[in-house]
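> Features from TrEMBL:
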DOMAIN    A:40-155  domain 'TRNA-binding'
DOMAIN    A:409-484  domain 'B5'
BINDING   A:462, A:468, A:471, A:472  Mg(2+) binding site
DOMAIN    A:710-803  domain 'FDX-ACB'
Ligand SMILES: [Zn+2]
């Protein structure tokens, strides 16, 4: 809502309160003032001029040479390019020395050899938005009324010597979508009176009810419909002051009748609609739901097909307006209109909201109905509009109003105790202070002991329960005056859950290992949604996506991380390591929520080691990323429960991918991205993993138990085994561990040889075996006995030959 | 004999002085002090001396021995020291060359903000509650006093999956779920961080996905002043002890009264500048007293229990705190952006 500081003074005395101060006060007591704009900021030297002469410029087809009286001793010559300039017009002249928006200074000039001492201005040139300029002046200069005095300040005449407060209204404060509503609010804040308009119309002999019969079929949607009839109107421009107020409030002037309905909309917050009575085609108004498939052409010349969800105003047979949203073209007020049917009605929010949404039409009227108008203003607003039509359109207002009224208008009565007020706010207000606040708001109240009962005017439809009253007290008492305390209840232990702690540990570990945390979008496209998924499931799809690229919820994080690598690689950062923890979404049938699984994924590409001046460079490989995972599982106490086995997965390198299992169940994968995928994304060799983090973090771990530090020495034996190339290290190791029994404390791979000195199809893999007995010092004999069993087992079970 | 000893002494000491390295010195030791050395030779002639002279000569010989031994030891120390120094000199490196970088990653700036807020409230006795990102319309709207058709639903246009399921538009459904689980019995003190989604076109200030962190306290006798005090503690810890807060009335369907909290502008100290659009204040979060409908719907007796709730956007806080100018940076994951949030403040 744009509120003119000058206009507001008609309702509240603002003496001693500047627009900026007022804005600050309004903000602090409940409605955010998003800005205070000074309309004539940086403008000066613009006066009303009278075009005395106007002829074609001798040397330029499109220019005019004018002689303009600007109230000075001599008229000035001005070259003007506007197509609509003409002799006799009263115009806005930027005189020599004037400043226009953008700090554009007007100087004496010569245009194609002719002197030009000033500039005749369009409204746009004076800083008014083009969409607010009346059609007749939109392509050229503005004309003042003929009787306008020459030489006076044109900006003041255009209402530009004003400041506009931009109110950011929350949906509950629809009451402030009107100057009167703002007036009440400001009066309460400043503790001053509010002055209301008192419409008066001359009595007429003819009755409105003889001209029109009003009935409402859809009473729930439209509890009150009123129609007034104004005869003998002369369509023409509305008074300049009204036009300027409309423009300042963001509404484009049209003609006197339409402008008056808009002016009342702004003043009372009550939408009105003017029909051309003679074009109605009947003497009847019937308000009903539209018939399925019924059609109407609205004022914007769009043909709209209606459904039973929409409310229409009809002439008894065909629609003449889409109720509360837009009038019909068939009954539009035009230059020849002489009799106006003025509608002022109370439509309920939902039906208007539905129509406005279905037809993509949001108007000043529909948005007010949606948020709720004050039913008590329906009649006064019509009276006031009729008064203005008599004054400014020469109309004759017929006696009375044709009405269909099924409205039960009962103001809300709400009670609250002083104790409740103080205990919710944390204050020690007295009943007198509370009463004074409701008096400022012009709410009637009565006090009975500790209870105050408030009758809430219908304009404040947002107040229905005691908490609403408490809010009124709190905001007008002032939040600055509320003390600062802390909750008094029993102390509660604050902590992270086990799961949350472990998740933080995982993050810290990965960051310590050199990975950066990324956060990517959950919404993605068809291809990426399922790529690299751990489980083959349908992705969750949005009903109405904004774009194909954000239409489904992801089933895996890896594709998003590859995008991150691609983005950075394209910006000369091609050695990257990133990880992400976040939800993936698995579709369920019907109305069940999808399953959300927290996953952990990582992607690494480019150089892993890069110590530049020492010349050490090592690109990432499978064992780098696997090492990171092993370290993670060790940290989580899961090392013994995890295993890796060769696996194939779409999008992954078939020979460099492992499935990760936890207690035998698959929890994810690790490996190199398939070279064709890498190439498609312009990535170097890239390794990724993705795990079901939820399963990992929820896996039970053994309690931490101290193990005594060995007192006896251990004996280490190294063996190099020649085996078939496809024999896995894990396979050999498990044979060794199994046969080594209790004495074998530790075993690990320390060498791998697949070079040319090897027989074709063979490789040599070397293990270091550590034997140890916590009870005694082992002898060579003890170890040899076990070690030989190990060698025999690997030979028999894996065909391994000790390398000579 | 005496003279011969003196002679040997002088000769040996001279050679020790001249010795260039440890080997040479060792040779001197062997040649003068060894069993076949000249001093031993001289002492062999002691038999010719009178019994009175013998002890005198013996003492002199020992004296000469000791002197040579002492000189050799001294020289040895000197030579060893020189050898060490020489070795050290050869080992000299350029200490100004850069060190080997320790490989280190870092958390995302939003995680940094969220964890900072979590920890701050954990310190005040809150626990961290989480919930699904795909939610039922009921928990996202209805349980929060936003029935179907409520005009305030316009404030947050949503991504629906079916008529009843949508991507949550705020983390408030976690509050609704927590209250429901408590079955009408307090107290509750939670903080709820998480991702949320709204139908916005991504630009410098809008993102269809962003994060939120909300807090909820429910107990008997929770007051608006408790909310103000809590937010004051939060603001001072998060933004600096010299920052002031102010509450402004606002509107949210799930709280009544509702407020917005501003903090005093750091850039201008509250006098007004471009950062705070001339107001001296910067909007940080929305809050309010839990609406009685919300309490009742979750099974709480609103006559007995009251509560407050607040919610804020980590993106906005990060943007204010670190001067980030485009919300999209948080989701692009440009490494040059991510790397800037490694340092501690
Ligand atoms: Zn500032």
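Going from the start of the chain as shown, residues are counted 1 onward.
Glycine too: its Cβ is placed from the backbone N, Cα and C atoms.
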> Validating a neighbour-count step here. Other CB atoms within 10 A of the CB of residue A:462 (Mg(2+) binding site): how many?
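Its Cβ shell of radius 10 Å holds 20 other Cβ atoms.
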> Do you know the DSSP helix, strand and coil residue counts for the domain 'FDX-ACB' (A:710-803)?
34 helix, 32 strand, 28 coil
> Per DSSP, what is the residue count of the domain 'TRNA-binding' (A:40-155) in each of helix, strand and coil?
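Residue counts for the domain 'TRNA-binding' (A:40-155) by secondary structure: 11 helix, 48 strand, 57 coil.
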> Does DSSP give residue A:462 (Mg(2+) binding site) helix, strand or coil?
coil
> Using a 10 Å cut-off, grab the number of neighbouring Cβ atoms around the Cβ of residue A:468 (Mg(2+) binding site), all chains included.
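That number is 20.
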> If you run the three-state DSSP split on residue A:471 (Mg(2+) binding site), which class comes out?
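Once the DSSP labels are grouped into three classes, residue A:471 (Mg(2+) binding site) ends up as helix.
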> Enter the number of other CB atoms within 10 angstroms of the CB of residue A:471 (Mg(2+) binding site).
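Its Cβ shell of radius 10 Å holds 28 other Cβ atoms.
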> Other than its own, how many Cβ atoms are within 10 Å of the Cβ belonging to residue A:472 (Mg(2+) binding site)?
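Neighbour count, Cβ to Cβ under the 10 Å cut-off: 26.
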